[in-house]
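Report on the structure given below.
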């Protein structure tokens, strides 16, 4: 509808479209305002003109809008954006299937060991380093600085690693020999498993459950790993009576390769190259799931004969009891000590992972290198699988509750 003004200030005409004639030509007829509007001021009429024009424009736009067209389809660019977003969500959600993948890799390693025997010990350090890189990409240096502001939590994690867990290892190792009548080498293997440092998989499990707690978990594991060069031989001497000549230089080198360098690379990439970091971040979860599956399936496939031996089931039950007790003890003691902390639940989950999961791969390497009896390596090989299944099962349960 079009509003037009003539020379006389009180005479206005409104032109509106008429119904088209048979000639299909649109004709317009003037519409005079009623006499009672002749006293309106020019300002009021101008406002009326704006309101009428806007009203008509709105009606016309609604009648011509795409919502009225049932055949309307989104543009190809919009469809591509939606498809890209859905693929990204799928990649990011790969961590949700991690427990199922770990279970599947365990079954495959038992049924067809050659599927994982190619993943030898030389790949363990790069694989664990990749998991630490994934944690570093999703963290910042501020997170690690805040972690050092919690010395009591770090100390509690250290106590869980080298006090609570060795005591549990000694208990279940003694039960294996005295009650179940298993070879002494099996008991020594259980004790050796409890004497090593924390596992890098515990850092990844904490990252999946409570991402803000991941730096604190990494600090705990790094501290236990750094001091393991002295503590692990001492504990093995006290519990097993075997002096282990641990390679200090090699241990420090492994810490740098597995923990420090990958996390530093991830932090630097996140700080100075955020675009590259955002581009690769969606692909890290599925790759991390694949790497974790290899780290779990490989030790089991390599030691499958010992695991499937007549006493393998008994050893597995003892290892399950050992890890279950460690998880529960770490969770319960943390709740008692830090019950006033505002994030006590997250801290309980973190210390539960730290206490229940340890570097069984390191224990397996020590068993193969410094013990003549191959049975000593059976408990660490089973422990890799059991702690991974139990740890990532807890990830699935706790993540759903959150």
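Our numbering is plain: 1 for the first residue shown, then up by one each step along the chain.
Using N, Cα and C of the backbone, Cβ positions are placed for all residues, glycine too.
Per TrEMBL, region 'Disordered' is recorded for 61-84.
Annotated transmembrane segment per TrEMBL: 90-111 (among others), in sequence order.
For 147-164 (among others), the entry in TrEMBL reads transmembrane segment.
Feature annotation from TrEMBL assigns transmembrane segment to 170-192 (among others).
The transmembrane segment annotation in TrEMBL covers 213-239 (among others).
Among the features that TrEMBL reports, transmembrane segment is placed at 251-270 (among others).
Sequence-remote contacts of a segment are chain residues at least 6 beyond its ends whose Cβ falls under 8 Å from one of its Cβ atoms, and for the transmembrane segment (282-302) they are 88, 91-95, 97-98, 101-102, 104-106, 108-110, 113-117, 119-120, 123-124, 127-128, 130-131, 134, 137-138, 201, 204, 360-361, 364, 380-382, 384-385, 388-389, 392. The feature transmembrane segment is assigned by TrEMBL to 282-302 (among others).
The transmembrane segment feature in TrEMBL is assigned to 314-338 (among others).
Feature annotation from TrEMBL assigns transmembrane segment to 377-399 (among others). Distant neighbours of the transmembrane segment (377-399): 96, 98-99, 102-103, 106, 186, 189-190, 192-193, 199, 201-202, 205, 208-209, 292, 295-296, 299-300, 302-303, 306-307, 309, 312, 315-316, 318-320, 322-324, 327, 349, 352-353, 356-358, 360-361, 363-364, 367-368, 371; these residues of the same chain sit at least 6 beyond its ends, with a Cβ under 8 Å from one of its Cβ atoms.
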May I ask for the residues of the chain that lie six or more residues beyond the transmembrane segment (213-239) and have a Cβ under 8 Å from a Cβ within it? 132, 135, 138-139, 143-144, 146-148, 150, 153-154, 157-158, 161-162, 166, 169-170, 173, 191-192, 194-200, 202-203, 206-207, 245-246, 248, 251-252, 255, 259-260, 263, 343, 346-347, 349-350, 353-354, 359, 362, 366
For the transmembrane segment (147-164), the distant same-chain contacts (Cβ-Cβ under 8 Å, at least six residues beyond its ends) come to 197-198, 215-220, 223-224, 227, 231, 235, 326, 329-330, 333-334, 337-338, 347, 350-351, 354-355, 358
Taking residues 6+ outside the transmembrane segment (251-270), which of them lie with a CB under 8 Å of any CB in it? 125, 128-130, 132-141, 144, 200, 218, 221-222, 225-226, 228-229, 276-277
For the transmembrane segment (170-192), distant same-chain residues with Cβ under 8 A (at least six beyond the ends): 236, 239-240, 242, 311, 314-315, 318-319, 321-322, 325, 363, 366-367, 371, 373, 375-380
